[in-house]
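The feature compositional bias 'Pro residues' is assigned by TrEMBL to 9-20. Marked as domain 'LIM zinc-binding' by TrEMBL: 79-138, 139-196, 197-256, 257-314. What TrEMBL records for 1-21 is region 'Disordered'.
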């Protein structure tokens, strides 16, 4: 049995990219805005001429940079984008120790842009929250879903804390902890009801202070005579159909009680008129003389010798 519960462990927290740097290329911002307005025109021209739009944009940017240099304006790039490996002339985003075009800092799985919200890092790559949890978060042993916040570890598996409950009644475990059977957790009440041996007397679970008898276990207070409910002080008992009896009630159940004295007949026995007697108690009800089989007479429920019977009733 196991009664050890585990402590929840927090999952990694999302990161935030550094705000875009605007100071490094302020002089080119307006020019890049104009460049954006003309992008559709360049795209149309590039398609007609068979020249890629990207090449036309790069050529125009180079031309603008040369024109600025001729005017004495130096527009140094803010860095090199870790995704496209080209200089960053406009806004720059810093994350994972690298610089990026904001539109190029994307989730490694779904491609969603990550410049405006939190992200998770794994193996030097950035992921949106959903893809990170689907790919890397531990899975709940109950619902199989990713565990996004606190992780509870128990039975060599991970669980949502709210999903770690009794496999029978569904109750979340409190301070008493849990007990394990076949890899499943149970509360104490259900574990005992389902798996603990049952008392042969009251059929309730037996936990401690028990004894073994008649191929079963018993609470000590339940192992008593089935008829009179008294304990067996001498340590001995009689068994009948799997139940314990004291000597008197065992013989009553068996029909081996002396009709004369009312005590059990355990030795020599005389049977007469469907009744049993100790030999010394098989006597005439009138003269109290010993009777012998074949020489007695019955009247009512009493036995008489022949002379007494004739004297009294003939």
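Each residue, glycine too, has its Cβ placed from N, Cα and C.
Note: TrEMBL annotation is automatic and uncurated.
Keep in mind the model is a prediction, meaning the values are calculated, not measured.
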Using DSSP three-state counts, the residues of the domain 'LIM zinc-binding' (79-138) come to 11 helix, 18 strand, 31 coil
Secondary structure split (DSSP) over the domain 'LIM zinc-binding' (197-256) reads 11 helix, 17 strand, 32 coil
